[in-house]
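J.: Here it is, the structure in full.
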Amino acid sequence: MITTATRWPSPAKLNLFLYINGQHDNGYHELQTLFQFIDLCDHLTITPNDSGEITLSPPIPGVEKKDNLIWKAATQLQEHTLCPLGAHIELEKILPIGGGIGGGSSNAATTLVALNFLWDLNLTNKELADLGVTLGADVPIFVHGFSAFAEGIGEKLQPANPKELWYVLIKPEVSIATVDVFSHPELIRNTAKQPLNVLLSASYENDCEKIVRRVYPEVDYQLSWLLEYAPSRLTGTGACVFAEFINEKEAQHVFSLIPDNATGFITRGRNTSPLNQALEEYKSLCNI
C-alpha cells in the first residue's frame, strides 16, 4: 500500500452528440452518444491508511456523506474486495454541479481507479466499470478513459477518435437535475438509431436541447449567445453549453467576450483521459 498523498485528476466530459432512441420500463433511456473528455478537471488528493475508514474533506454543500459519490465508490470498492484499508480523500472542486459534464460520475471513477492502484487490489477496468455503473451510467466511460461512442444506457462503449478541438464552455446560472430532463413528458424519445459512421458524418445534435432551452431560459440565453460565434450545443442534460473552435486563439477571443453574468472556461478535447495519464505516471514511478 502506498501511504503518501497522491493527487488525481477527475476530468469533465462533453456529449458531442446525444440521441434518445427509447425508454425502458425501469425508466432508463436507450441512447446513442459520443463522449469526449476535456482537460478541465476536479482533483482528488488521496492518502491511504490502515484505519478501514473513508474520510472526506471538504464537505460538499447540500450533499450528505452517504450520498457523496466519492464515499459511495470507496466503500463499495472496500466491500467488493473485502479490503481492510481506508483513505482520506480531499476534493478540489472546479467542475460545476448540475452542469451535464459528468462531475459526480468522474469523481466516483477517479476514486475507483486511484484506490484500486493505491490499495493494490488489481481489479481490471471492466470490474471497476461494473462496480461504477451501479453508481451512475456515465461512470464506466471515466473508468475506461478513452473517448467513446456509447449505446444502451451509456454502458456499451466503442472507442472513438473525434477531433481534439478547443471549446468555450459556459455554465448558466442554473443547475439541472438529469432526472428532471429525462422525465419531462415532451422530451424526444424516438430518434431512430443510426450506424456510427452515419452519425459522425451528420451535423451533431442533442435531443435534450430543445426542451432544456424552453424550460430553462438561462440556458437558452447563453446558448443563443454562443451560436453567434461558433457551432454550439448543450452537453448531456445541461446546464452547460459549449462552442467548438479549431484553435485556441479563436476560443480565447470568444472567451474574452463572455457576458459578465456567465461562468466560463476554455478547455480542449482529450481522447485519452487525464486520469489514465496520471495512473500511468504513478505506475512508472512505482516501477509497475
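Glycine residues also receive a Cβ, built from the backbone N, Cα and C atoms like all the rest.
Feature table excerpt (Swiss-Prot):
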type	residues	note
ACT_SITE	LYS13	active site
ACT_SITE	ASP138	active site
BINDING	PRO96, ILE97, GLY98, GLY99, GLY100, ILE101, GLY102, GLY103, GLY104, SER105, SER106	ATP binding site
J.: Please list, in sequence order, the residues in the chain of LYS13 (active site) that are at least six apart in sequence and whose C-beta is under 8 Å away from its C-beta.
T.: PHE35, GLN36, PHE37, ILE38, ILE101, GLY102, SER106, ASP138, ILE141, PHE142, THR235
J.: Taking 8 Å from the centroid of the Cβ atoms of PRO96, ILE97, GLY98, GLY99, GLY100, ILE101, GLY102, GLY103, GLY104, SER105, SER106 as the cut-off, which other residues in that chain fall inside it around the ATP site?
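T.: For the ATP site, the extra neighbours are ALA12, LEU95, GLY236, CYS240.
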J.: Check GLY102 (ATP binding site) against DSSP and tell me helix, strand or coil, would you?
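T.: It is coil.
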J.: Helix, strand or coil by DSSP: which one applies to PRO96 (ATP binding site)?
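T.: In the DSSP reduction, PRO96 (ATP binding site) maps to coil.
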J.: Taking the Cβ of GLY100 (ATP binding site) as reference, which residues of that chain separated by at least 6 in sequence fall under 8 Å from it?
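T.: Long-range Cβ contacts: ASN15, ILE176, THR178, LEU234, THR235, GLY236, THR237, GLY238, ALA239, CYS240.
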J.: Are there residues of the same chain, six or more positions away from PRO96 (ATP binding site), whose CB falls under 8 angstroms from its CB, and which are they?
T.: GLY103, LYS171, SER175, ALA239, CYS240, THR263
J.: Starting from each candidate's C-beta and looking 10 angstroms out, tell me which of the binding-site residues GLY98, GLY104, SER106 has the most other C-beta atoms.
T.: SER106
J.: What is the total of other Cβ atoms whose distance to the Cβ of GLY102 (ATP binding site) is within 10 Å?
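T.: Other Cβ atoms within 10 Å of GLY102 (ATP binding site): 27.
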J.: Let's check the environment of ASP138 (active site): how many other CB atoms sit within 10 Å of its CB?
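T.: Around ASP138 (active site), other Cβ atoms within 10 Å: 28.
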